[in-house]
Amino acid sequence: MTRISREMMKELLSVYFIMGSNNTKADPVTVVQKALKGGATLYQFREKGGDALTGEARIKFAEKAQAACREAGVPFIVNDDVELALNLKADGIHIGQEDANAKEVRAAIGDMILGVSAHTMSEVKQAEEDGADYVGLGPIYPTETKKDTRAVQGVSLIEAVRRQGISIPIVGIGGITIDNAAPVIQAGADGVSMISAISQAEDPESAARKFREEIQTYKTGR
């Protein structure tokens, strides 16, 4: 296994769907399947917060979501659980600034995809130095899904990172909908991530498809 190329990573970040069982009222596995069918390019298993599954139920959901990803040919990323990621032979892991040390995680996971959330220029540079394949920058917009988020910062950090000539793949995180995704890509991000914009949509497949079409248009047009 070799590390993913930056070009491939930038493509995969286009429509980055993140979801746990508690982010939808529908059957979570079905929602993941529909999002993938609609065109999600990457999926992150994020089972956190109130009503989150634990123990065997959590592992079973992860396995089913991973199977859906395999069937769709979409990489399966685990949020902040190196042990689970390694046990499942996931395609990658995503960690926040309050989670494990990125350099140590890189050493533990080998060539798997490593994503790191960053909120400042120094955190972006540190993530790149530590071996991150991409950074998640945000929160771009206000969000209800994550209760522990930092101050909303819009697209200013994305623009600043690109102005400095830093080419690490970037995905925008936080409060992104089909109506406000364009500025994120125009600022220099390679994709957008979303939870509720797909997980709580009446038709997750259609919602994912709209994101895929819009993001491709924005990326082509800049």
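Cβ atoms here come from the backbone N, Cα and C positions, even for glycine.
These features come from Swiss-Prot:
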{"type": "BINDING", "residues": "GLN44, PHE45, ARG46, GLU47, LYS48, ASN79, SER117, LYS146", "note": "4-amino-2-methyl-5-(diphosphooxymethyl)pyrimidine binding site"}
{"type": "BINDING", "residues": "ASP80, ASP99", "note": "Mg(2+) binding site"}
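On the structure: features taken from Swiss-Prot.
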| residue | record | Cβ within 10 Å |
| --- | --- | --- |
| GLN44 | 4-amino-2-methyl-5-(diphosphooxymethyl)pyrimidine binding site | 24 |
| PHE45 | 4-amino-2-methyl-5-(diphosphooxymethyl)pyrimidine binding site | 27 |
| ARG46 | 4-amino-2-methyl-5-(diphosphooxymethyl)pyrimidine binding site | 22 |
| GLU47 | 4-amino-2-methyl-5-(diphosphooxymethyl)pyrimidine binding site | 25 |
| LYS48 | 4-amino-2-methyl-5-(diphosphooxymethyl)pyrimidine binding site | 14 |
| ASN79 | 4-amino-2-methyl-5-(diphosphooxymethyl)pyrimidine binding site | 20 |
| ASP80 | Mg(2+) binding site | 19 |
| ASP99 | Mg(2+) binding site | 16 |
| SER117 | 4-amino-2-methyl-5-(diphosphooxymethyl)pyrimidine binding site | 25 |
Length of the line joining the Cα atoms of ASN79 (4-amino-2-methyl-5-(diphosphooxymethyl)pyrimidine binding site) and ASP99 (Mg(2+) binding site), in Å: 10
ASP99 (Mg(2+) binding site) and SER117 (4-amino-2-methyl-5-(diphosphooxymethyl)pyrimidine binding site), Cα-Cα, nearest whole angstrom: 10
ASP80 (Mg(2+) binding site) and GLU47 (4-amino-2-methyl-5-(diphosphooxymethyl)pyrimidine binding site), Cα-Cα, nearest whole angstrom: 10
Whole-number Å value for how far ASP80 (Mg(2+) binding site) lies from PHE45 (4-amino-2-methyl-5-(diphosphooxymethyl)pyrimidine binding site) (Cα to Cα): 9
